[in-house]
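Asks: One structure, pasted below without further comment.
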Amino acid sequence: MISPQGVAVATLLILGVVHGSLIDDLKAKFSSSSSGFGASMFSNSGAKSSFGGGFAMPKLDASKAAMVHSSSSHKGHHQSSGSSSNTHSLTVVGADGKNITENSEKKDGYNKESKVDEANENTKIKSADGSVIETGKSHNKSSDDASSYGLEKSSKTYADKNGTMLSSNTNKINNQSRSAALDEGNEFVNQQNADGTFLRNNTGHKNTDEHLSHNVLDENAQMSIGADGTSHNITNRKGSVGDSHNAASDAHSNFESLDAQGNKKSQNYSKKAASASGSNADFESNLESLKNADGTSMSNSTGNFNNTSYDKATAEEVMSKKNVNADGTSSMEASHAGSNSSKINSASGQSSDLSMVGPNGIKSHSTSNKTDNYALDEANQSAGSISEQIGKNGQRSLNESSIESGRKAESRNNTAADTLDSVDANGTVSSSHSKSASGTSLDENHNKTHALQASVDEHGNMKNHSIDGSYRNKKTGEFGNSEMSASIKNADGTMSQVNVKNDTNRNTYEAEKSALEKNHEKNSDGTFKDESKGSNSRVNRTDGGSNLAVGSYSVGKGGVSSNETIASSNAFNTSDAESNQFDHLHQKTANGTEITHAKDSKQVAASANAKSSLDTSMSAVDAKGNKVDKTSSQAADSHDAISASSDVDAKIVKHADRSESISNDSSNQTASEHNDSSKQSEHEKRQNADGSFSDVSSNSAKKNAVKDATDVRQNAFANVDAAGNSVSEVKNSLVENHSNDSDASSDSKIHSKSVDGTELTDAKHSNVSTSHLTEGQLAQIQKKLAMADGSVVMSNDNSHITHEKSRADVDAGHKAHLSKADGSSTDIDEGFKHHSDLESRGEGAQKQRYQKLGNGTESSMDVGYEKSMAKGGDQTSSHKKTLAKDGKGHFTETKDGSESHHKIDDKDVKQHKDIIQM
């Protein structure tokens, strides 16, 4: 290996030899010459001196040199600019009264500037033992700046003695600029020693940057005025303004070495980044107006715009290290990190406005406006690392870790508005206005993690442990609403108007989550352990609704009018969720025991809700003065829900002596419910000009409720010992519940009077209610004992309970009264009632036994009972009454009635017992 001191000594020796040779050569060549030299001898003209060709310079072979050094550099600065300008002017004053004026101006120019700074340097040194050192470095820095501008203006006017005038104007701007820069550099060292060892190092970077901008505008206007008072104007304007910035950077470093002992090292590193940002705005507007001699006119305006801005960035960093040693050991390490982000905002729109005035009072005006807005904000990150070590005796270790995360938010919104108003020659006024808005949104988040640790020791024992997790959620939304109104008003006072309003919305939410942990161990003695446990869950939710409102109103001739409204609404929400948990183990211990154990749980749930309503109304008056009013209303809602869960716990244990035990426990639960209700009402009222009227109304309501639930469980156990004796036990149970309730009611009323004096009053009502409940339970226990000598003992116990209950109620009635102008009348009164209820219970149990002894003796027993009970009854009653009068003091009356009763009371008990002995 070449030392720095050796390099310095070698360099001095080389310079000393060259310097001594030059002195000897000069002494030999100029010993007899005068010491006076002309000034032209050292001039820069490049011409040969009077001494001829001078020294004969020797040519050296660089491949055989002990040292070679070369360098170069370049620096430059360039700048330029330019501009131009043109003007024009014209004025004419004519004898005939015509005047003309023209003016124009045009300017443009540019500026450019560039700079450069470059340098390279390389050195190579050889030692006598064959060692070589190479070094080098370079850099390059440059910049470019350029800009340009342009301006153009012109104007023209014309006028004559009749009053006619014309004019036009233009204005244009065009400005551009660019700025860019570069900075890069590299440096290296390469050392190769005679003994085969080496060292290499290389570093570098590169940075770029660029800016762009522009400003463009184009305007023109034209105007004309006629001698008759007419005019016509046109204006146009459009332009664009924007800038952008782009930048990037890149840096790296690489290192590698080998020492005399054979140890090798390497290291690599890089870092990159980039960004882009900017904004841009485009716009355009147009205006035209026209005025005629007859007083008619027109004005039209339109425009649009589009604005955008953005900001984006990326970054990355990577590192790796590796060591390989001569003794076989090694280590490795690497890491990575990266990110990206993006932001975008944009807005655009269009607009128009048109007005017109026609003959005979005709007018119209219309407008339209639309907008569109968008936004995005997104970012993601990730990072990870890994490392590994290898030891002398087969030991190894590994470590990993990583994480990822990100988010995203996005939205879009739109609006629109339109109007139209007009007046026709008859004086009719029409109007139509509408507006709407809608939008969507998105919001997301996620992350993910991972970790791993693994190792092997010198005895071959292995361990592996990992943890993983993830999460994600997502939200979405959307909405829309609109309004519209239209009307017509006539000169005779008649009119009509309509209004409509509507809105909707919907939102969703989703989420997921999971976690997992694993542990694995395997040892050289045959023992092991495998364990995994974790959980996962998800949830989904949705909600939304809509509303609608409509109204109309009109007025006709002769007092005729009408008014109607409709309103409806709907709303809903749903949800469902699920989750799971587990823990699994498989293990073998040093004493030969093997264990298998699994636990699993699961839960699910879902629900849904809904509501709706509808309301209407109507009122009207006809030409005769008859009036009518109607209203109706409806409403309904519902609810549904279900849920379920399950659990399992299973375990098996095996021992080295062949004894074994097994257990298995499980349970399942379910539940559901449903509820719904509804209401409805109607009312109609009529009032006639002749004094007759009618009033009719009705109402109804309903309710329902249903519930169900179950619970199922089982416990099982078994064991066998080393001698062959076994015992087992199983337990089962079941519980069920069911209920159903309902209610319904209704009523109606009528009140009317006719022209001849007849009057009617009528009322009805009805109520119905029911209820039903069912419950049940089952239980069972089974046991068995078996001995190695053949003895067996068995038992079986069963029991059950049932319960049922029901109820019903009914109530209905009807009353009516009819009277006439002659004094006669009729009355009706009817009614009905019913009530019933019934309840029943039952229970039972059974015990069974069996025994067989080793000497052959057998015996059995069977004992049980059953109980049942029923209790309840019903009662019903009704009546009817009528009364008729003739208005002269005579009447007829009828009465009917009925009533019934029933009662139930039952009980039963049954028992049995059987014993058998052999």
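In case you wondered, yes, glycine gets a Cβ from its N, Cα and C as well.
According to Swiss-Prot, the protein has these features:
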{"type": "COMPBIAS", "residues": "79-89", "note": "compositional bias 'Low complexity'"}
{"type": "COMPBIAS", "residues": "103-127", "note": "compositional bias 'Basic and acidic residues'"}
{"type": "COMPBIAS", "residues": "270-281", "note": "compositional bias 'Low complexity'"}
{"type": "COMPBIAS", "residues": "326-354", "note": "compositional bias 'Polar residues'"}
{"type": "COMPBIAS", "residues": "363-372", "note": "compositional bias 'Polar residues'"}
{"type": "COMPBIAS", "residues": "379-404", "note": "compositional bias 'Polar residues'"}
{"type": "COMPBIAS", "residues": "430-441", "note": "compositional bias 'Low complexity'"}
{"type": "COMPBIAS", "residues": "515-533", "note": "compositional bias 'Basic and acidic residues'"}
{"type": "COMPBIAS", "residues": "534-545", "note": "compositional bias 'Polar residues'"}
{"type": "COMPBIAS", "residues": "604-619", "note": "compositional bias 'Polar residues'"}
{"type": "COMPBIAS", "residues": "632-647", "note": "compositional bias 'Low complexity'"}
{"type": "COMPBIAS", "residues": "648-660", "note": "compositional bias 'Basic and acidic residues'"}
{"type": "COMPBIAS", "residues": "661-672", "note": "compositional bias 'Polar residues'"}
{"type": "COMPBIAS", "residues": "673-688", "note": "compositional bias 'Basic and acidic residues'"}
{"type": "COMPBIAS", "residues": "689-702", "note": "compositional bias 'Polar residues'"}
{"type": "COMPBIAS", "residues": "738-765", "note": "compositional bias 'Basic and acidic residues'"}
{"type": "COMPBIAS", "residues": "800-814", "note": "compositional bias 'Basic and acidic residues'"}
{"type": "COMPBIAS", "residues": "830-846", "note": "compositional bias 'Basic and acidic residues'"}
{"type": "COMPBIAS", "residues": "883-918", "note": "compositional bias 'Basic and acidic residues'"}
{"type": "REGION", "residues": "66-150", "note": "region 'Disordered'"}
{"type": "REGION", "residues": "226-283", "note": "region 'Disordered'"}
{"type": "REGION", "residues": "326-481", "note": "region 'Disordered'"}
{"type": "REGION", "residues": "515-548", "note": "region 'Disordered'"}
{"type": "REGION", "residues": "594-707", "note": "region 'Disordered'"}
{"type": "REGION", "residues": "737-774", "note": "region 'Disordered'"}
{"type": "REGION", "residues": "800-918", "note": "region 'Disordered'"}
Asks: Under a Cβ pair cut-off of under 8 Å, which of the recorded stretches 79-89, 270-281, 326-354, 604-619, 632-647 contacts the compositional bias 'Polar residues' (379-404) most often?
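Replies: The stretch with the most contacts is 326-354.
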Asks: May I ask for the residues of the chain that lie six or more residues beyond the compositional bias 'Polar residues' (534-545) and have a Cβ under 8 Å from a Cβ within it?
Replies: 504-517, 569-582
Asks: In the same chain, which residue numbers or ranges, 6 or more beyond the ends of the compositional bias 'Basic and acidic residues' (103-127), come under 8 angstroms Cβ to Cβ?
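Replies: Distal contacts: 2, 6-7, 10, 65-90, 133-156, 194.
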Asks: Summarise the compositional bias 'Basic and acidic residues' (673-688) as counts of helix, strand and coil residues per DSSP.
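Replies: Final tally across the stretch: 0 helix, 15 strand, 1 coil.
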Asks: DSSP helix, strand and coil counts for the compositional bias 'Polar residues' (379-404)?
Replies: 0 helix, 21 strand, 5 coil
